Amino acid sequence: MSVIKMTDLDLAGKRVLIRADLNVPVKEGKVTSDARIRASLPTIEIALKQGARVMVTSHLGRPTEGEYNEEFSLLPVVDYLKEKLSSPVRLAKDYLDGVDVAEGELVVLENVRFNKGEKKDDEVLSKKYAALCDVFVMDAFGTAHRAQASTHGVGKFAPIACAGPLLSGELEALGKALSEPARPMVAIVGGSKVSTKLTVLDSLSKIADQLIVGGGIANTFVAAQGHNVGKSLYEADLIPEAKKLLETCDIPVPSDVRVASEFSETATATLKSVTAIKDEEQILDLGDVSAERLAEILKNAKTILWNGPVGVFEFPNFRKGTETIARAIAESDAFSIAGGGDTLAAIDLFGIADKISYISTGGGAFLEFVEGKKLPAVVMLEERAKQ
């Protein structure tokens with residue numbers, strides 16, 4: 001994957017526009033989870049230290065496109081950056097016709113979704129973004145799968161388009177895990193529906209030595225083995241697909257589970273064999289035997305790709321399966337890569353972030369990359385590197 005890297009460029013005195021992923025949760029004007037901003041800080045700091053005229057922009061939330069809405073303003077992000085950086089930081093609301101930036105100053109360009117044509121990758125808007133800079137830095141892996149004006153179009157028209165350190169690191173880590181994995185390679189795919197992850201399961205079944213399924217996805221595989229899954233979340237119409245995958249790939253289907261009579265935080269967890277599930281019960285977590293069996297597999301792995309929890313870990317009574325898996329990954333010597341919102345929440349909950357080799361910042365982009373799809377922003381950077 002050949003792209004120009006920001007770290008290989010001399011940025012002194014240049015107008016540098018960084019497209020970061022600063023789409024963070026905000027409550028009452030304050031950032032409530034700063035993980036994405038923290039991940040973007042090193043890129044901003046490199047450009048500032050080199051004496052560049054730095055602009056950074058992002059989307060935040062889902063405002064009506066083309067309309068200013070204070071609720072989705074990047075102002076809370078600006079306040080956060082002011083606390084973390086020694087350089088001056090300010091917000092620019094109207095910037096499409098040009099913005100003055102001093103060397104060593106950071107100007108945050110207001111939410112790109114306030115601009116008409118952003119999502120449609122409008123050429124006129126893309127050219128306006130491009131005219132703001134000498135160097136465009138794409139550093140938002142989380143939006144690299146979307147062809148939009150601030151992630152894709154701008155890069156076609158900017159004098160130079162390059163990958164920021166966060167995006168470069170993400171592509172290298174995923175490339176390492178998928179193209180030449182150290183073996184055995186184990187992939188974990190959790191989540192509620194097989195339908196949304198079918199392509200991922202299919203792609204991974206071809207490269208993983210073992211494929212661990214969890215959550216609602218695992219319930220469909222339990223049903224595919226002929227067991228009653230009661231009121232559990234599962235997809236009956238995808239049982240043939242699950243059977244096909246069971247024939248072609250080593251998938252350790254749970255042998256015991258934790259069930260409840262209702263989907264609630266206070267529901268009592270009952271441990272039982274998959275052969276004994278009653279009509280009124282629903283599976284909400286793995287059982288101890290199954291979880292330990294998976295932990296053993298993970299301890300012997302050399303590459304682990306983790307996307308999705310294996311149970312309803314948000315409920316304390318149904319957390320044990322995901323925690324057992326998480327701790328096994330943390331203790332493993334494998335190169336481990338984790339991605340997806342629920343997965344990151346589980347990593348935070350169990351405090352194992354420093355034990356995972358690489359944590360991906362992308363949800364949809366992470367899955368599309370794993371599926372083998374081309375990400376529009378990355379394709380654009382590759383094209384520009386050839387010019």
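Placement of Cβ uses the backbone N, Cα and C atoms for every residue, glycine included.
Note that the structure is predicted; figures quoted are calculated from it, not measured.
Positions annotated as substrate binding site by Swiss-Prot, on the basis of sequence analysis: Asp21, Leu22, Asn23, Arg36, His59, Leu60, Gly61, Arg62, Arg113, Arg146. Sequence-distant contacts of Asp21 (substrate binding site), defined as residues of its own chain at least six apart whose C-beta falls under 8 angstroms from its C-beta, comprise Arg36, Ala39, Ser40, Ser58, Asp139, Ala140, Phe141, Gly142, Thr143, Thr361.
Within the same chain, the residues at least 6 positions away from Thr343 (ATP binding site) whose Cβ sits under 8 Å from its Cβ are Gly190, Trp306, Asn307, Gly308, Pro309, listed in sequence order. As annotated by Swiss-Prot, ATP binding site applies to Lys197, Glu314, Gly340, Gly341, Asp342, Thr343, with the evidence given as sequence analysis.
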Residue among binding-site residues Lys197, Glu314, Gly340, Asp342 with Cα closest to the Cα of Arg113 (substrate binding site): Gly340
Between Lys197 (ATP binding site) and Asn23 (substrate binding site), the C-alpha gap once rounded to whole angstrom: 24
Asp342 (ATP binding site): secondary structure state under DSSP, collapsed to three categories: helix
Number of other Cβ atoms within 10 Å of the Cβ of Gly340 (ATP binding site) across all protein chains: 21
